[in-house]
Structure formats: C-alpha cells, structure tokens
C-alpha cells in the first residue's frame, strides 16, 4: 500500500509516519514544506490513500493562511481530479473553521474544496475538525499550550497564563493517529466530518497545576495517577520534553553498617516502592505493624524471613533467594525480620501499602526470636 502524507515533517505527520512504518507493507510518500506543489500530480500517481495534514496556523504574514491552507488544498484536489482515480483522502481541519477569522476562513475554504472534489469524482473524503492536539514531538510556542507549558516548566522557565479558568479541549496524538489509521483501514464510516475520541476538557490553570506536579514529583517521589486517561497522556507528553541531561535523577539513599535503603516511588493512596541491601549475616526488621503491610521480593542473594504472632506466639519461617520470583508478605500482628543467610550482599525490593509517616509509623520493635 502506498500512502501520501502532506505535512509529513509536522507534529501530526511525524507521529503518523512512525506508526505507518511500524505497520509494515506501507510505503509513505512524504510531502513537506520543501516539496513543490507542482510535483503533486506525480506524487499521487500510484498512491492508495492521502493524509492531508499540511497547513499553516502561525504564519509570519496573514496571507500565508490562504496560501498554506486553502490554495494548497485546492492544488491537491486538482491533482487528484486529474489523476482520475477516486483516492480516499483524510484532511486535518480545525475547530477554528467555525470561526470567521483568517485562519478559520482558510481552513473552511479547504474543506469546501475537498467536499466539491468528493462530489465530483466520488472519492471518500474524511474531514476532522481537530481541537488542540498534544503529544510527543509537538513544538512549543506553535502547536499548543500543552507543548509550550511542558517545554517551559521542565526547564524552570516561567509560563504566562492570562485566564486560568479558561477551558481548552484537547485530543492526544496517539488517539488521533489511531483514529486516522482506522479510517485508512476502512474501519470507520464514510462520513464527511468525523471526530477523534476521547476529547478532554481542562482549564488552563488545572493544566499548569498538573504539569508542575509532574515536575515536583522528582523531589517528592510521589507520582500522580499516570496510568490512564488525560493524566497518562499529559505525563508522556511532559517527559517527551526532557533534555537529554535530565533523563536521570537521584533519589534518597540511606546507608548504615547493615547496608543501604533507597526510596524509589511514592503514590497518593497506594503506598510506596523501595529497595534495600543487607550484608552477609545482617538481620533487618524485628518489628510488627497493626495495619501496615509489605511485600518483599529478593532480587539477589539468600534470605530467611521469620514471623511470630504477637498474640498466640505462633512461629513461621520462610527461606527464599534471588533465583526465585517469590513474594513474601508481612501480616499485621506478626513481628518479623529478614536475615541475609548467603555469602554475598542481598538486594530486596519492597512495597509498602502506605507512605511512611514519621509521626505515625505503625512500626513497633519486637524481637522475633526462634521457633520451638
């Protein structure tokens, strides 16, 4: 399959082309700012689908709106018309097409050229009036406020907010690309106007607050709920703006004669992740909890866990090592300890169901002793 992508070097174009390359069996024919409009008839000569993403939204001169949007689209329509084949065509318009400003008028005129083309030769035309698109490879001070805010906040550059309560509608680049590829695959209806879902609404102030939370998480170690929805998309976008020299950061490390203890990640309501080491023969723990629980995973070395019920005196012992993927849980009301019974340093991953609170640690020293 051969696909023409106009605006292939733009924000949406780069993401789309990356996904098309992953698919395999698709040859991308790129059209960029360096390409000649006069070459369009040759470029589309044998293509099976057209993604028309090229356009102008922040020109140096107002007349460039018309040149880069409506006139370019008209030239593309003429090339398709002269080709004689009903090549399916997808166009990225804008919600600004509903507004009577120079940008909106130029995008609406482009839509009209495409609609006429579809009526004249019967080619499927898919028009997406996109709101603010955000994601990796977007340009600050050009594509969206999200890009600008991410770029600045991650570099400690002040951002400007004129109206913090102003609402903006966002769509994530991966959702845009996934929807576009469904159209190419014939999995969406042959409608003239389509939408990318989901769409997110957020105020400018809330957006900035969320991005600052991402920045501060490196110091607090507390991560937001970045696994789904808008927060996931914003976090991925935020990280895509990291300069290379900021790809890593230090976390607290506490060392003593027993070994080291490192806090890695905290959550608002699902506990925290850490790891610790212990030298041969070293025992850690010797305490119990009323409500706090933990999961231990030995990554390296040999460990002996001992447990004693503080009420009944019942005793239990578990031995495990780094060769086994085995979780050992601590149980409320059972005092417990862990001993390195090997000859090398032991490394253990640890999850606790709550973030450590120095004022209320729910940790009470109590020797485990030995079993009967």
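Just so you know, glycine gets a Cβ as well, placed from its N, Cα and C.
For reference, Swiss-Prot has these:
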BINDING   7-30, 53, 103, 107  NAD(+) binding site
ACT_SITE  103  active site, proton acceptor
BINDING   132, 279, 280, 281, 282  substrate binding site
Candidates 132, 279, 280, 281, 282 (binding-site residues); nearest Cα to residue 7 (NAD(+) binding site) turns out to be 132
Using only the residues recorded as binding substrate (132, 279, 280, 281, 282), report the maximum Cα-Cα distance in Å, whole number please.
59
Listed in sequence order, the recorded positions within 10 angstroms (C-alpha to C-alpha) of residue 27 (NAD(+) binding site) out of 103, 132, 281, 282 are none
Please report the three-state DSSP label of the residue listed as 'active site, proton acceptor'.
helix
